[in-house]
Structures are given as C-alpha cells and as structure tokens.
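Asks: One structure, pasted below without further comment.
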Amino acid sequence: MKYKTSSPYKGCFNTTDNSVEYFWKNSSVFYLIILILFISSVNGANQLHIGGIFPIAGKGGWQGGQACMPAAKLALQDVNENPDLLPGFNLTLHSNDSECEPGLGASVMYNLLYNSPQKLMLLAGCSTVCTTVAEAAKMWNLVVLCYGASSPALSDRSRFPTLFRTHPSATVHNPTRIKLMQKFGWSRVAILQQAEEVFISTVEDLETRCKDAGIEIVTRQSFLSDPTDAVRNLRRQDARIIVGLFYVVAARRVLCEMYKQQLYGRAYVWFFIGWYEDNWYEVNLKNENISCTKEQMKIAAEGHLTTEALMWNQNNQKTISGMSSEDFRKRLNAALIEEGYDINHNRYPEGYQEAPLAYDAVWSVALAFNKTMQRLTEQNSGKNLKDFTYTDKEIANAIYAAMNSTQFLGVSGVVAFSSQGDRIALTQIEQMIDGQYYKLGYYDTQADNLTWFDKEKWDGEKVPQDRTIVRRVLRTVSLPLFICMSTISSFGILVAVTLIVFNIWHRHRRVIQSSHPVCNTIMLFGVIICLVSVILLGIDGQFITAENYPKVCQARAWILSTGFTLAYGAMFSKVWRVHRFTTKTKTDPKKKVEPWKLYTMVSGLLAVDLVILLTWQMQDPLQRRLETFPLEDPISSNDDVKIRPELEHCESHNNSVWLGVIYGFKGLILVFGLFLAYETRSIKVKQINDSRYVGMSIYNVVVLCLITAPVAMVIASQQDASFAFVALAVIFCCFLSMLLIFVPKVIEVLRHPKDKVESKFSNDTGISKEDEERYQKLISENDDLQKLIAQKEDKIRLLKQRLTERENKNTAQPFNESANGTTAGGMQFNRSSSTALAQK
C-alpha cells in the first residue's frame, strides 16, 4: 500500500512520482541553501551593529586607520569567537574612510546613522573627526569611543558628554616633558605647533605647566601647512629645546626645514610626538614633495626625543584576549602583510603604534555591551540591546555606565577611563639613536615616578644646553700695545725731567735766559702730565675693578686737560707776547718782557680748565658705561658658547654737552694760537729768542689735535686702534715740542761749554748772540776805517807841503786863495768823513 506523500512545497512543483523521487535524490544543494538562508536570518536578528570611522587615504593629518582598521577586524574576530562575550549575539562593524577630514567624517557619520541597521555605538579616529562626531553624537544618544584622538579639548565633559577614548589625551605628554626638562636642567624652551585644535589646546596646557614649573617659553610659533617661516623664527630666537606638535605629514616638512636651517645636532633637542611610525622620516618624501633626501632627513632626526602614552603592553603576560602583546604583534603583522604592506622591511603603515588601541577599543565595546545586557536582564525591564533606538535614553545611559566602569588588561596595557572619559596610561620616553628608537624610561603621572634606564646619548657626550651660553668678555687694550706705549711715555717723562734739570742748571746762560726758562719748565711739566695721561688711557678692566673705573675716568679728564693747558698754554703765552711786541707801535725795542705776564696768561687758561672740570665732576661725574657688541663665535670651544664683547667707556649723562664745552674752549685756543703763530712766523725778537720754534710747535699741536679728536670719536669702539691713535698723537706732540724748543739750546750749550756765565741781574740780558756778532763785526770795520783815515791824512799833509812850496813860487793871490779854499774844503770834507766813520 502506498501512501501519498504530502509536501510543504505542494503546488510549487508540477511533478510525477518519478520527478519527486528525482527531487529528493538531488535536493542536498537546495537544503544547504535553505539552511544558509535560515542561519543568516537568525544571525541577522542577533547582530549588534557598531559604526566605524577610520582615516585611511587622506593627504594630511593622521591616517592611522591604515593599521587600526586591520587591528579592529582582528578584535571583532576574537570577540565573536569568545563564548563568554555577548552570548547569542555577534558584533558587526560598519565602517568607512574619513581621511582625517572633519567634514567628510561628519558625512560618514550621517550615512552610518541614517542607513540601516541601527548602530549602538561609534568608533572614530583622528582628533578633528572625533571632535565633530562626538559633539554631534549626543543628539542620537550614542556613545563614541575614539581609538586615535589625543586632543585635550575632548576632555571637556560638558561639550562631549558621551565620549570615551582608549588613546590618552595629548596632555598626558606634558607632565612627562616637564619632568624631562627638570631632569636635564632645561629652563628655556620653544614651541612649534601646527594650527589644529588638538595641538592648540595641548600647547595651552603645556604653557600653564611650564609657568608653574618656572620654565620660560621663549617663543611659540605656529603654522598651517608650510613651516618654513616658523622654523626660521626659531633660529632667530636662539631656541635650543623645542617641543614640536604636529601631524606626521607636517613633521616631515618640519624635519626638512630643520636640516636646511641647521637646527639639529649637539646644540638642539627636539621633542616629537611618539605615535609616528618608526620610519616616518623617510617615507612618502616624493609624494609629499619633500625637497630633502632620506639621508638628510635621517641626519636631522638623529637624537630627538619622543613622548607617547604606552600603547603596547610592556609585560609579556596574557591579556583578556588570551594573547600577549607580542602575540598580537605577530598576528597584526601577518594581517598587514596580507593587505600588501612590506612589514618585513620595516615599512609599517601609519597608525601601527595605535593599532593596540583600536584592538582594545573593540574589546571595550564588547565588554560594555556584555555588561549592559547583564544589567538590563537584572532590571527585568524587558529591554534588550537590540531594542535600542536613537531616542532611547535608558539603554544609552546603561551603555554609558557600562563603558565608564570598564577595566581590563588589553594588548595596550590596562584599559581604564577617567571621569572625563580619558585613558589612564603611563608615558614612554624614547630617543632616536643611530636611526633607531631606544626606550629611555617611563613616567607615571599619577605617582610622579620616573623610571630611567640611563641609555640617552648626546652628540658631544654632554647634555645640550637650553640656550646659548653667552660669555661676557671685556675688550681691553692689548697688553703688548699698552706696555709699548707706557714705555715710550715713561722715556718721554724721563727726557722731560732731564730737560727740566738742564733748564734749571743753565738758567743763567744767555741762550736759556732769553727763552724764559720758567715758562719752559711749565711747558715741560705739562708734557710730563700729558705723558702720564697716556698710561691712564691704557688702564682698563684688565688692571682695575669696575668699582674703581670711574676714578680712572676722572683722573684721565683732569690730567689730560691740565697737562694740555700747561704745555700748550706756555707756548701760547710766548707767541702771544711776540705778537704784542710786533703790533704795538710805540714799544721800546729795548724793553724787557715781564715774566709775570706770561705766567698770568697760563694761570688764566688753567683757571678756566679748573672751573669746567670741577663743575663737570660735581654736576655730572663720569661713570663706567659698557658698550656691547654682537655675539661672536669663540676661537676654539666644543661648548655651545657665544662671546658677548663689551667695551668700557667713560661717560656721563650729558657727556656730549661737557665734551662740547671742553672741545670748544680748547679748540678756540688752538685756532687763536695757530693764527698768532702764523702772524709771527718770520719775526724775531731778542726778548724771546725761541719764538720761531714755539710757533712750529704750535703748528704741530694744532694739526694733530684737529685730526686726533674727531678720529678718536669715530674709532672709539675699537679699543686698540683708539688707544694707539690717541697715545701716539700725545706722544708725538710732546716729543716734537721738546725737540723743537730744547734741542737748539742743548746744541748751543754743548758747542760753547765755556761761554761766559752772565749774572741774573745783568743789564744786557736782552742782547742776543746775533747782536753780539754784529757788534764785533762793526768794531772790526771801524778799525779798518780808522786806518784808512790815517792814510788819507798823511796824503793830505803831503799835499799841503807841496801847496806851500808852490805858493812861494807863484805870486798871484787869486790862485793862492782858490787853492787854499779848495784845500780847506777838502780838509773839511775829510774830517767830516773821518768823524762819521768813527761814530759808525
């Protein structure tokens, strides 16, 4: 008996018994398809959907999705395979690329929200995108978990009430940076930042911490895309310790500009962000139009420090996923190799360091959902996670509370969140040494504990300085030059003293007396004082302290001014008296020059000097003023040292006024003396027998003073040239004056050592040597004329005898009278001539 087979698919197939038999024999494929569709429909009903926003293919900012998305997929796989997590449910990720652009990120978020299925939570990376997403997500009651956002602005709970992040805030680096600055003794830093909100807020926090720690921020430079000008400004500000805050694309541009500006090496320390990839400085150079080579980039990057929150568990222990961080690294590397990344040659995609954060972010989501399901079950509210809608605040609050209390050991370390939703983590410090990053230590901000390995390496084997050490070096007169000028001046003083002795010893000799020896002695005393001033001009900071320097300034002014007045005043008084003799019409040529008039003139000039100098010293005394010069490189030094040359000057507040008064008075005397010397250039008077030489000395003094004064003011900043020029001018004036006035006298005395010594009370002290020679010559001529007269008288006598004889012979009277008249006239003439010659 055959039973009629009923089929649930009756009416669907028009078959006979044979066709039915054929169907049942060949329906295995059909049932497999039905089973897959059934399982899919069941699984679709038990899926928990989350949205993912990953920056992958952008050209700027942080493109960490390249490594973080594969890590998130690994986490999804592990979570869904774990039977203790989300029983009966699978976690599904719907993602898209934001390119780290906030506008595109917002568009991706809206597509995820408005397209089915319903999302329970959002994952996001890149601070700018997270800022946009987290600020908007609260309108949909969605919790946002950021795996790659470090902006301190995201810690604002009033602005981002539903935000959590497995990536620590960028401000977590600042306490570490401050700790390192204190460790190495750096108290002066500069900041270079990219004009992004994440870096602006980080810098604001850093500035506050630096102020509290007593660290000076010498400059803060920012740029949008081109860092050229900002880096140049760092060099102008002499920045040595520089904190750089920028995305990796901008970091490559900064590094290239660092190389061009030579802001690298033993004198500079750069702080970079630690989440760049290990080979960040040598990749994408051509694509980003970087003008530096890989080798140049490597040279510039050598020695920089990085601070980063620990993103890889440092202990080789099993995490919540059952893997250690090293196991995860191997799996991640294998996944990246499958996607085409050349991991074997250390060419890691961007975001490789943050990959553990993305992995643990998915685990945080799963654990939070798991805890939320348990709480909803315990509350017997009849609600389930699948019932969540964007208007359901109850489930949203349950998810928020579960996320806030989540804590576990992940591949990035202990995952826990603060009240602001920030990740609590240690900070790792690394340094690039020989092209590789080496761990220097860890810093626990909460415990203020710095673990240091002493592996840092500095170019030059010493810690770089936070500023150029400026050594203040006082420019002083060259010691050999000072010794040379002092020796010459001392010799001149010795010569002047010798001439004073000579002048006094031979004061009774006519050649000395006629030149007024007392006036010459005054001149020699002035010369001695001027030569002493040469030594004072060379005394500076190498011999005396700064406290005693004003005393030397006063001594210079007094000694040089009075010495000039005594030396030049004595010569001026002589030439003035000569001029008076030649211009006064009724002057008696035998009248003597009264010495007191010469001394009165010198005293008057000296009195004017004393009045000016006393007023100057009392009202506005000279002080020590330092002139500073531009920085110079030391001759030989391995340290980061610059030389700041300084030069001492003697100045008062109204220095130009007082110098004008002094120069005006002296200049007037010089010009007037020059005029008098010119007027009397060819005049000789027996009362002052050296007037011509005095005039020549005045020429010498005037010319040298008119040249020396302005030139000395121009070259005042060149201590050696200024001292040498002034000293030589003074020495030359003194020596030439002594030479012109005293050498003729010395020669005369040496030529006539036995010359008659005249009494100082002699009446003919005014007769000169020339007059005496002329007198002797006239006496000799008179003797010759007397002999000639005697001869003529003999001839006249003979003629008289002859005339007498003729008178006897001739008797004519007229002839005799005529002859007698002629003879008498001739005799009268001869007698008159003889008398005149005798008188002559």
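Cβ coordinates are placed from backbone N, Cα and C, and glycine is handled just like the others.
Automated prediction, rather than curation, is the source of TrEMBL annotations.
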Asks: If you check TrEMBL, which stretch out of 134-154, 596-616 is marked transmembrane segment?
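Replies: From TrEMBL, the annotated transmembrane segment range turns out to be 596-616.
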Asks: Labelled transmembrane segment by TrEMBL, one stretch among 257-276, 357-376, 397-416, 557-576. Can you tell me which?
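Replies: Based on what TrEMBL states, transmembrane segment spans 557-576.
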Asks: Tell me if the transmembrane segment (517-537) touches the transmembrane segment (698-717). I count contact as 3 or more CB pairs below 8 A, with pairs 6 or more residues apart.
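Replies: When sequence-distant Cβ pairs are counted, the transmembrane segment (517-537) does not touch the transmembrane segment (698-717), since fewer than 3 lie under 8 Å.
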Asks: May I ask whether the transmembrane segment (723-743) has at least three C-beta pairs under 8 Å with the transmembrane segment (479-505), counting pairs 6 or more apart in sequence?
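Replies: Yes, the stretches contact each other.
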Asks: What else in the chain is close to the transmembrane segment (557-576), if you only count residues 6 or more beyond its ends and a Cβ gap under 8 Å?
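Replies: Hits for the transmembrane segment (557-576): 516, 519-520, 522-523, 525-533, 536-537, 597-599, 601-602, 605-606, 609-610, 612-613, 616-617, 622, 650, 662, 666, 669-670, 672-673, 676-677, 680, 688, 690-691, 694-695, 697-698, 701, 730, 734, 737, 741.
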Asks: Near the transmembrane segment (596-616), which same-chain residues lie under 8 Å Cβ to Cβ, leaving out any that are not at least 6 residues past its ends?
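Replies: Non-local partners: 516, 518-519, 522, 557-558, 561-562, 565-566, 569-570, 572-574, 576-577, 622, 652, 658, 661-662, 665, 669.
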Asks: Over the domain 'G-protein coupled receptors family 3 profile' (488-765), what is the model's mean pLDDT?
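Replies: When the pLDDT values over the domain 'G-protein coupled receptors family 3 profile' (488-765) are averaged, the result is 78.
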